[in-house]
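> One structure, pasted below without further comment.
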Amino acid sequence: MAQGKGVETTQTQRGAPSVFPEGQNGGTDLSSTYFHHKVPIPDDDSQMWFSFRKLWAFTGPGFLMSIAYLDPGNIESDLQSGAKAGFKLLWVLLAATIIGLLLQRLAARLGVVTGMHLAEVCNRQYPTVPRIVLWLMVELAIIGSDMQEVIGCAIAFNLLSSGRIPLWGGVLITIIDTFVFLFLDKYGLRKLEAFFGVLITIMAITFGYEYVMVRPDQGELLKGMFMPYCEGCGPVQLEQAVGIVGAVIMPHNIYLHSALVKSRQIDRSSKKELKEANKYFFIESTIALFLSFLINVFVVAVFAEAVYGRTNIEVHDICNATGILHLDLFPLNNETLQVDIYKGGVVLGCIFGPAALYIWAVGILAAGQSSTMTGTYSGQFVMEGFLNLRWSRFSRVLLTRSIAITPTLLVAIFQDVTHLTGMNDFLNVLQSMQLPFALIPILTFTSLSSLMSEFANGLFWKIGGGVVILLVCCINMYFVVIYVTSLNSVWLYVLAAFLCIAYLGFVGYLTWLCLIALGVSCLDVTCRARDDTTVLIEQQPEFDS
């Protein structure tokens, strides 16, 4: 496989812009993770458009991908949405999930058609320095996500043990259990995917139980889901709406999904099989994200019905009457109640009984454990793809989990649960800043006909994808600005300004390459310079010797 990485490559016969090397599908599979064997696709001689047998064979990657839509960061965003805005922001959650589905479609198509995942394509198409910077940015997103999952698991252990397991103890437990679960794929790919399915089922049952117990107003729920309007909303609700988009669309999940689809046996020389794989992976992803959306709706609805509009003193009195501990979480004032994953579980326990608290904790634990494992796979794919560096799962988990656990453990030891859950705000900002480093490359490479052949994005997907990605990036940048301005520190403003210049410069570079891939040929400076040189040579007068 060609591995040129410079911007000085020439125009290919297939029409690749000059800033990109010639794309070649297939080749050596560099990744060793998850692909010890591939799932065969059954033959179906019938001429039917749809086959349940084939859908079952393709089922797996989409559900693993959907776990990122159910991680503790998403659950906290859901409960805060319900607590701050009631049912009014459900339409934002629906829109964000649909946008996520369209982006996941691009990721799956890239993996299916090229036989390479996004990190591998970046390795081949970007020059060395931008490639390394891109890898570092994606690693930051993965570490940030890992920290959120560690926090969620630690809080779940604390709630399940009624405080007997301290937060720092829960953080340490996540080191051990992650190593145990990660070796499940030794028992076969389908068994691993089935285990993730069990975890998703646990989340559906636990959060569904809370939904049935709370019995939210169905009319208000449907109104909030399908009416894109937020009556009486202010800056708090606007900030929460932005946070929903940032929590749902995860940068490392684009890299993950493009790799997971490689686990099926597909003859990439057959256009029929490629079209079939793209179709079934899209159907599977739609089903998986629909289920994740329902689970997210359960959480939003529970807190919209049970918490929205309540004050601290009101909840304090309820907890005091029921004998639930943790009264110190609720100050004796009439300010609006603020909730997080930990406090949310306590509130449910106060209002609906201890069973609601423990079932909530089980759901959070399932969310944290499943997200931890998929995050580790993401890190493995990214490292192998960008650097062509193979590490064992043990080494990879040890590195990323150590980086994630160190600051989390320090906060858990020396601070309280409020500071621990408060880290989620910073981590959401961190991941929001990394979104362009997944969205811009995926649109770039799925638009390159030299890579994707006839499966390259058409005009509709180029324009629509560009608008969606621009919208998502602008929304998340607004979220970052809100967070930075709330810090009230001059030196932090100065530091943020310098970082912003470098950040925007790199995003601008990726955008320039993306626009060239989308067909804006006037920006292809290398090609124009070469053409000008050719014209000058042709205009040189010939002299007789």
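Every residue, even glycine, has its Cβ placed from backbone N, Cα and C.
Pulled from TrEMBL, these are the listed features:
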- 1-25: region 'Disordered' (REGION)
- 90-112: transmembrane segment (TRANSMEM)
- 165-184: transmembrane segment (TRANSMEM)
- 196-214: transmembrane segment (TRANSMEM)
- 241-260: transmembrane segment (TRANSMEM)
- 281-304: transmembrane segment (TRANSMEM)
- 346-367: transmembrane segment (TRANSMEM)
- 398-415: transmembrane segment (TRANSMEM)
- 435-452: transmembrane segment (TRANSMEM)
- 459-484: transmembrane segment (TRANSMEM)
- 490-520: transmembrane segment (TRANSMEM)
> Cβ under 8 Å, sequence separation of at least 6 from the ends of the transmembrane segment (90-112): give me the contacting residues as numbers and ranges.
61-62, 65, 69, 78, 81, 118, 121, 221, 224-229, 241, 244-245, 248-249, 253-255, 257-262, 266, 268, 274, 277-278, 281-282, 285-286, 289, 292-293, 296-297, 300-301, 439, 442-443, 445-446, 451-452, 455, 457, 461, 464-465, 468-469, 472
> How about long-range neighbours of the transmembrane segment (459-484): same chain, 6 or more residues beyond its ends, C-beta under 8 Å?
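The answer is 99, 102-103, 106, 239, 242-243, 245-246, 249, 425-426, 428-429, 432-433, 435-436, 439-440, 443, 446-447, 492-493, 496, 507, 514, 518-519.
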> Same chain only, please: residues at least 6 beyond the ends of the transmembrane segment (196-214) with a C-beta under 8 Å from a C-beta of the stretch. Say none if there are none.
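For the transmembrane segment (196-214), the list is 63-64, 66-67, 70, 291-292, 294-295, 298-299, 301-302, 305-306, 348, 352, 356, 359-360, 362-363, 366-367, 369-370, 373-374.
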